[in-house]
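Residues or ranges marked as signal peptide by Swiss-Prot: 1-22. Look at Swiss-Prot and you will find Glu36, Asp314, Gly327 tagged as FAD binding site. Among the features that Swiss-Prot reports, active site is placed at Arg193, Tyr233.
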Amino acid sequence: MKSSPGLHIIIVGAGITGLATATSLRRAGHTVHLYEKSAQDNEIGAAIYVPPNVSQFLLPWGLDLDKWGFVKSQKVSFLHHASLETKMTLSDGMTAKGLTGAELYYAHRVDLHGCLRWMATRPEGPGRPATIHLMSNVVAYDPLAPSITLASGEVISADVVIGADGVRSDAVEAIIGDKVQTMRPRFANTCYRFLVPADAIEADPATQFWNEGSDGWSRVMIESVTGRSVVSYPCRSNTIHNFVLINNEENDTNMCAEDWHARFKIPDILKKFSDYDPRLLKVLSKAPDARRWPLIYRKPIHQWTKGCMTLAGDACHAMLPFLAQGGAQGIEDAVALGVVLQGATTRDDIQKRLQIYQEVRMKRASIIQILSNMGADHSVSVEDLKEYLNEDQMPYSQHDMMIHNYKYDVAEVAFEAMKRYDPSFRLGNDFLGR
């Protein structure tokens, strides 16, 4: 006997959030179609943190750490920018594992994307494989139908529409009636990404030192006067070193254009960090290319849901990278959606459950959004947090911040919210996979 197909759900955007949401919803028993405007034939990106607040779901969902090249965080050190001398190494009690009991991993963004795509579409496993429609540009939304309109003019209806279309979201306008204003930080407004092969480093005796003991080692080098920083950690089974260079650039008129495809001359970038240890600059020079990510943020929005349509990921809470929680918060959205929509039936029921999703997710995502943005714009302050937290709840120290971000189970929070809505609510045995 065939199981019920559940709801017909459309997800717009097949990035990390969209694919994680598709995985969560297929496990909840629904039929999922993703519409992605690109061909996804040349995925790009640098590395990404996969912290405990989401690795706790990805592992039981089938994440094979070795297959996808994830690297377990082993050590975090702060080095002097001009000498590379170690100033401080976090003790075991201050690591993600020590504080939460769960691991933090480093992954190449392409590998995480590939893993989530496999989870969402694999023939075996709980639920029905999600279907991805590439080169399908969505040009209009109707949250009340709900439906989407493709560039071809085709209108596609569903029980639920989820806008996971990223930082340049059009879906958000359908929810709140206007575009979300983008803002440039007052400080640290530019991020350069380098991916340096470990083999290239090893081939030069002058740079081999960077490979020594580098398994799972994250290194942070901050120049305190200007706030420039360099962060490095390995990914793809320790075969690639990911470097993030943060700088403030006041005279660039094109800073609001977020373009991962734009390439920049490495010597020109390194001149901006010329006071850093020459050995580090030599390591960076081994990168085949470098990409710039203009750091642009948005303030929290106060509505994610309208009718039978909602938002997830950067579409509703784009944030700066200083807490390395952007991707993780999108995955938390995905898990919450899988929980609240499990067993949904009628239109009225769906709308109420999407409101529960908003209540579960909006406060937490907004807090992390503000905390992330505080790292680069001093006009974003504690005052912004007071809308969401009392004074005694605010995470001021690094310890408190890590506990707040990492030691959190969104599935449990969403489950408790659903139990208040419907005391008979149950999660299917396959959903968490634990």
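Cβ coordinates are placed from backbone N, Cα and C, and glycine is handled just like the others.
The structure, with features from Swiss-Prot marked on it.
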residue : record           : CB count, 10 Å
Glu36   : FAD binding site : 22
Arg193  : active site      : 20
Tyr233  : active site      : 24
Asp314  : FAD binding site : 24
Gly327  : FAD binding site : 24
Return one of helix, strand or coil for Asp314 (FAD binding site), based on DSSP.
helix
To the nearest Å, how far is the Cα of Glu36 (FAD binding site) from the Cα of Arg193 (active site)?
25
Just to verify a number: CA distance, Arg193 (active site) to Tyr233 (active site), in angstrom, no decimals.
12
I want to verify one value. Collapsing DSSP to three states, which class is Arg193 (active site)?
strand
